[in-house]
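Straight from TrEMBL, the features:
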TRANSMEM  12-35  transmembrane segment
TRANSMEM  55-77  transmembrane segment
TRANSMEM  105-124  transmembrane segment
TRANSMEM  136-154  transmembrane segment
TRANSMEM  184-207  transmembrane segment
TRANSMEM  214-236  transmembrane segment
TRANSMEM  256-282  transmembrane segment
TRANSMEM  294-315  transmembrane segment
Amino acid sequence: MSSIFLSNEILIFLFLQTTIYTLLLISFIYSITILRDWDFKKSTALQYKLEKRSYLVILIISFSLFIKILLFFYFIFSIDNLSHFVVGAMCAAGIFSLEYGEISLFLKLTNLFFIGIWFVLNSLDLKRKDYKYTKIKLLLFIFIFICLTFEYILDFKFLSNIPLNEAVECCSVIFETSSISSKIPFGLVNSSLILIFYILFVLIVILNIQKKSILLLFFNILFVYISYFAVTYFFSTYIYELPTHQCPFCMLQSEYYFIGYFIWSALFLGLFFSICSVVFYRNNSLDIYKFYKISLLFTTIFVFLVTFFVLKYYVVNGVFL
């Protein structure tokens, strides 16, 4: 039996993915026809027809892309559930370590950022009566659709290549403690990694206050990179309350109250709004300072969450791991 049919969750995911992709394909075709003849300066019957059509197309795109965001979380949940079927897998880590797994996850995350930018651009356009951003957001949608096409193909490639009778690596092997020093970047040890983690957070707070958008984005990207290793090899041990259990995926499970979804969402939302502060920097119709505030809010929530588990463990046990 193909791995695609391993669970009801995967079947539901693929059905929804195909349905949404079909809607996006229709929107893609109409977007091209709208862009081809669009000219807001003309007061013709064709232009009026295109404006009415664009409203419907944008509505379909908005609905479909919103569902795509929700589907990402359902996808992670479904992959994690596959660990009950796949030999050796304890969580989603073992599944994503298979062929097409990591690139599929990376592409989905990247597409979420583009989708988020599209929604901000769409909200700007809806506030105007001159359709100023209509062509731009349709062009962006076409680019997003191409990316989503690759994602759609990768989904089938990835899911159909998950083995049933072959053991996969579990997270304890993938993130084994004996090879931590070789996996943490720049040859850092845990203590140095955590020190840099908090230094970067302080820098982000300062740059947010000073409204240095380019520098802020650079340090946010670096912070996300360092945070992945900090959470995986340090903070996760306090979440699991076990020094040998290091994994960025197990915290997504019900056993840990799905806290991983909140931790990783806060981290990436902080980065997303930092990107928005750069992309829309010169837009006068937006309160750009709101992006700084929201970015800092989510980054602070992320730091608070991971730090909380360290402090909680120390208060309860009187020692650090």
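Backbone N, Cα and C atoms are what each Cβ position is placed from, and that goes for glycine too.
In this chain, the transmembrane segment (214-236) lies out of contact with the transmembrane segment (136-154); the count of Cβ pairs under 8 Å, excluding pairs fewer than 6 apart in sequence, is fewer than 3. Residues 175, 180, 183-185, 190, 193-194, 196-197, 200-201, 203-204, 207-208, 245-248, 250-251, 263, 267-268, 270-271, 274-275, 277-278, 292, 295, 299, 302, 306-307, 309-310 of the same chain sit 6 or more residues outside the transmembrane segment (214-236) yet have a Cβ under 8 Å from a Cβ within it. By the Cβ criterion (distance under 8 Å, sequence gap of 6 or more), the transmembrane segment (105-124) is not counted as touching the transmembrane segment (184-207), fewer than 3 such pairs being found.
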